[in-house]
Number of protein chains: 2
Amino acid sequence: MQDRTYTADAEPGDDATVAGWVHEIRDLGGIAFLILRDATGKIQIKFEKDEMDDDLVETGLGVSRESVVSVSGAVEEEPRAPTGVEVVPESVDVISAADPELPLDPSGKVDADLSTRLDNRTLDLRKDEVQAVFEIRAEILRAARERFREFHCTEINTPKIVATGTEGGTELFPITYFGEEAFMNQSPQLFKQLIAGSNIERVFEIGPIFRAEEHNTPRHLNEATSIDFEGAFCDQNDAMDVAEGVVTAAYEAVAENCGDELEALGLADDFEVPEADFPRLSYEEAIERINATGELDEQLVWGDDLPTEGEKALGDDVGGHYFITDWPSEIKPFYIMDHGDDEELSTGFDLMHPRMELVSGGQREHRHEHLIEGFEQQGLDPDQFEYYTKMFKYGMPPHAGFGLGGERLIMTVLGLDNIREAVLFPRDRQRLSP
Amino acid sequence: MQDRTYTADAEPGDDATVAGWVHEIRDLGGIAFLILRDATGKIQIKFEKDEMDDDLVETGLGVSRESVVSVSGAVEEEPRAPTGVEVVPESVDVISAADPELPLDPSGKVDADLSTRLDNRTLDLRKDEVQAVFEIRAEILRAARERFREFHCTEINTPKIVATGTEGGTELFPITYFGEEAFMNQSPQLFKQLIAGSNIERVFEIGPIFRAEEHNTPRHLNEATSIDFEGAFCDQNDAMDVAEGVVTAAYEAVAENCGDELEALGLADDFEVPEADFPRLSYEEAIERINATGELDEQLVWGDDLPTEGEKALGDDVGGHYFITDWPSEIKPFYIMDHGDDEELSTGFDLMHPRMELVSGGQREHRHEHLIEGFEQQGLDPDQFEYYTKMFKYGMPPHAGFGLGGERLIMTVLGLDNIREAVLFPRDRQRLSP
């Protein structure tokens, strides 16, 4: 294509061609400004009506908002312009004229509800603060991968089409696979364990997971991004170290590399990287502290799962990220290992943000006979999982891991209200397109 | 977990605990060696039978191959040991005993067919040369992302559950989505275009794609990894620059960072990074050169798709990566733009490795009315794609992009015979698990 200068790179003294969208036209009478927007920002194009070619003025000021234009001209210093420079146009090309009736106003002056925004995501993403979320999302994923590599992990990709689901309870989306029944995978759990049992030892995967759960809440998606870790010769404490490292890496990377994006989101002044060494509370301590807050109508007792309002009370009490460890075995999945010989106490853990659960993990059951028992106790037929369980007969090391909800991480890092704000094209009960 | 030293880090003079798999036991009579293997390599454990505790010797030498053991002792220099050091054990713990009957021999002394290997992937991945492929795969994906960022691209994740397929012709896997019909996405095409039309402008995605194609060949998968690019204000030449950059980055990263892995694969001496500026042949030149080889029974004429044997003849003739540009419009997808006003000639391109096609791309049709016509000519109902086409009314910039087959890239970088060697758990017509 023709040489093009990003608006952010246009320097006084340059002859430049800038191209982007017509953000706004400000007509002050004898002088008028076209504000052109591209990936890197906005730039002012100055039209002095009496001193310029009529056709040029007509083209530049007659174009509808959100049209794509290319402008060539001299870049000049102009302290009154928003970026300190402006372009004096020699030519204006309308590359792609926009319909004057926009379903959504990318200048953000007119509010739109989430549904309208998602239906018109291209226009929605032309808002600085929406673009910023997805630039930050990309940076968080980059930083997570980098931190995993520092922990000696190898990136893997596991299949999304599977013969059987990982966890009996959760709903699966069925697919037809060349006449056979199959499912979209709800977690890389079994596959990442199979790799941790090989020479590769420590693995991570960032990929889609699919859950046919019916609840429609601001923090659930039916297609989500899972950030998974599994490590041979790791126990739950090692897995917690990795989880804390990856979550912290996300904040650090955003603080370091996303200044403009935090500015666009109004978060630049208050953004904080969480302090290291997240508190590790046992489940027993957690229910005691929740009970002590007096926020629940009924006191929690050993074996209760933590209700949302209990998590909230504890989150307010702790005031930052924290782990809950040593859960009762009966409320953790069967593939989580028990503590030594205590069958009541599991090595499972959760990493909590004050607003919600981010991570679930633990040491895994690596003993073949215990694993088979676990399937049976869960009411699952171990034969259906033989492709997985049989590898546990051939030298499966102790191993531990976790799954971290990618969108929940982005949501909590940025304080987003709705998890759908953290996904380009969310999938929920009501939404299948775009 | 207990402190553990990777075998590659064990230095003479250390007291170390190493843990891993029993690779081999060599009993020479008065002296015997256990070769222990972990993620980083192998280490020799020396047993001097007369000088050591009987229980220790019995445990260390009685353990079955592929069992997981932990060995603590002094690391000593031993020039005759494969790595120049050995461990004199003070204790040996058998952590996870392996069944002596292994379905696959990870030492590689007994060959196994691909199907047996895939059925027992955990054991298969304990071979150096298989592990090496997947360490390299991870490095290639890392390098691709890094190069995309150098091209100012933002990483995106698009939905894998979709309401309609991208390309009419190719088969889709149907899924049941809360009672509605939906599909697993066969390409991020439409979604990445929707983002390229926003402020984000340049995007890449590395993620799974799903194609219900029936052919079962050494170079097709039904679930594959697609490496996608789309850029606003780019034409086909820009997209070719990015494609060449990403492919080259993969080779460069492997050459620079995967010396041990190339060694394990027997490729260390011959590995070459392709030279920059891949030749760009027009389709017309391509068919002329194929015809001139005399390898085909029938001469190709304008409008013919290139048969596999034609690609092969041309690949041998060119001898390296090359592009084919300026394809006849009728054999490229309708969303590829024509050259200026010539409706016969498309901006579509392919990037070829001498062995096979790697990339397909082009400049996209960004003009709303032309796009609608394209859907109609393809026999598709434009109304079904309105979630996509309507964004073209609101300032869609010219844009171009490509899809690069991730496994084909890995396969050609490493000279693998079968694409299934490049995937941990391949999915094809016959294989749905593990």
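Any Cβ shown, glycine's included, is placed from N, Cα and C.
Automatic, uncurated: that is what TrEMBL annotation is.
The site 'Important for tRNA non-discrimination' feature in TrEMBL is assigned to A:Pro82. Annotation comment: TrEMBL describes A:99-434 as domain 'Aminoacyl-transfer RNA synthetases class-II family profile'. The L-aspartate binding site feature in TrEMBL is assigned to A:Glu167, A:Arg211, A:Ser360, A:Arg364. Among the features that TrEMBL reports, region 'Aspartate' is placed at A:189-192. Here TrEMBL flags A:Arg211, A:Ala212, A:Glu213, A:Arg219, A:His220, A:Leu221, A:Glu357, A:Gly405, A:Gly406, A:Glu407, A:Arg408 as ATP binding site. Annotated Mg(2+) 3 binding site per TrEMBL: A:Glu357, in sequence order. Annotation source TrEMBL lists Mg(2+) 2 binding site at A:Glu357, A:Ser360.
Of all the binding-site residues listed here (A:Glu213, A:Glu357), the one with the fewest other CB atoms within 10 A of its own CB is A:Glu213.
Comparing the Cα of A:Glu357 (ATP binding site) with the Cα of every entry in A:Pro82, A:Arg211, A:Arg364, these being the recorded positions, the smallest distance points to A:Arg211. Of all the binding-site residues listed here (A:His220, A:Arg364, A:Arg408), the one with the fewest other CB atoms within 10 A of its own CB is A:His220. Nearest neighbour of A:Glu213 (ATP binding site) by Cα distance, taken over the recorded positions A:Pro82, A:Ser360, A:Arg364: A:Ser360. Taking a C-beta cut-off of under 8 Å and a sequence gap of six or more, A:Gly406 (ATP binding site) has these contacts in its own chain: A:Ile140, A:Leu141, A:Ile206, A:Ala224, A:Thr225, A:Ser226, A:Ile227, A:Ala422. A gap of 35 Å separates the Cα atoms of A:Pro82 (site 'Important for tRNA non-discrimination') and A:Arg408 (ATP binding site). Secondary structure by DSSP for the region 'Aspartate' (A:189-192): 4 helix, 0 strand, 0 coil.
Annotation for A:Ser360 (L-aspartate binding site): same-chain Cβ neighbours under 8 Å, separated by at least 6 residues, are A:Gly348, A:Phe349, A:Asp350, A:Phe402, A:Gly403. Between the farthest pair of Cα atoms in the ATP binding residues (A:Arg211, A:Ala212, A:Glu213, A:Arg219, A:His220, A:Leu221, A:Glu357, A:Gly405, A:Gly406, A:Glu407, A:Arg408), the distance is 19 Å. Separating the Cα atoms of A:Arg408 (ATP binding site) and A:Arg211 (L-aspartate binding site) is a whole-number distance of 15 Å. The local packing around A:Arg211 (L-aspartate binding site), expressed as other Cβ atoms within 10 Å of its Cβ over all shown chains, amounts to 23.
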